[in-house]
Amino acid sequence: MSVTLDLQLASASTDGLPSEAQLQGWLDGTILGFQQEAEVTVRIVDEAESNELNLTYRGKDKPTNVLSFPFEAPPGLELPLLGDLVICRQVVEREAAEQGKPLMAHWAHMVVHGSLHLLGYDHIEDDEAEEMETLERDIMQELGFADPYLNDEE
């Protein structure tokens, strides 16, 4: 059982970023509960790249915390490629500060949240959002972090 991490650092600054070992642990803690083998690219970017990707793929002209790009293999081709996560350093840092959350807890949450999208979970409909948020809470707790939605419910 393993998750292969391909880490790409495309941010001008690497100060305050999680270590490769932390990212690996968060991916393992999320994905191995669903499948035995996977390969995930995590690309940490600045706001300009996040904004460009968010506009191109979601039609939203602003940077966002995490974008998930699931890999869709052609029929009959079995590969462990799960997909790519693109995480914007500045947005994660800003959100953590605004929400009063520890920075590493918010990084972990973005990896968990994005990984669940790669696994096919979504939050467009209310029932889907509830299921996904429950999984996020459970996984974050297993990883040793507080409920990431606690402040949202106050």
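Backbone N, Cα and C atoms are what each Cβ position is placed from, and that goes for glycine too.
Marked as Zn(2+) binding site by Swiss-Prot: HIS113, HIS117, HIS123. Classification of HIS113 (Zn(2+) binding site) by DSSP places it within a helix. Its Cβ placed at the centre, HIS113 (Zn(2+) binding site) has 24 other Cβ atoms within 10 Å.
Apart from HIS113, HIS117, HIS123, the residues listed for Zn(2+), the same chain places the Cβ atoms of VAL66, SER68, GLY114, LEU116, TYR121, ASP122, MET132, GLU136 within 8 Å of the centroid of those Cβ atoms.
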